[in-house]
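Please see the structure below; I have some questions.
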């Protein structure tokens, strides 16, 4: 029997208030946005064995990075916000995970009768760099 192990660190529904919206009027007031990140691992993460924060994706560092990027400027679209967040997460934590998933939700878009948030997701499988032989 073959057993496939998968491990995940999930930071779910981190709420931020951001200047986000297509129109100047919509961006006038901060909008509630929920951000979720999942770090997936194909092998047991080092942090599971070592119990060292240096081997983990520290969720305080992850949420601090999200705050830093999201608060740098107003955004018109959640797609653009998500892409900027995702690029920064891959640069900062891509060496610690096999896959990163990001979900950005605009809780209260100005759409009549819409009961749930608008969501945009990005996902990337991170492959180790090939070893080049001489």
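Note that Cβ sites are derived from N, Cα and C of the backbone, with glycine treated the same way.
Sharing the features that Swiss-Prot gives for it:
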BINDING   26, 59, 78, 79  substrate binding site
ACT_SITE  106  active site, proton donor/acceptor
Output the one of 26, 79 that, of all these binding-site residues, has the highest number of other Cβ atoms within 10 Å of its Cβ.
26
When DSSP states are folded down to helix, strand and coil, where does residue 26 (substrate binding site) land?
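Helix, per DSSP.
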Mind telling me which of the recorded positions 59, 78, 106 has the densest Cβ neighbourhood, counting other Cβ atoms within 10 Å?
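Compared across 59, 78, 106, the most Cβ atoms within 10 Å surround 78.
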Taking only the Cα atoms, work out how far residue 79 (substrate binding site) lies from residue 106 (active site, proton donor/acceptor), in Å, as a whole number.
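Computed Cα spacing between residue 79 (substrate binding site) and residue 106 (active site, proton donor/acceptor) is 11 Å.
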Cα of residue 78 (substrate binding site) to Cα of the residue listed as 'active site, proton donor/acceptor': how many Å, rounded?
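About 7 Å separate the Cα atoms of these two residues.
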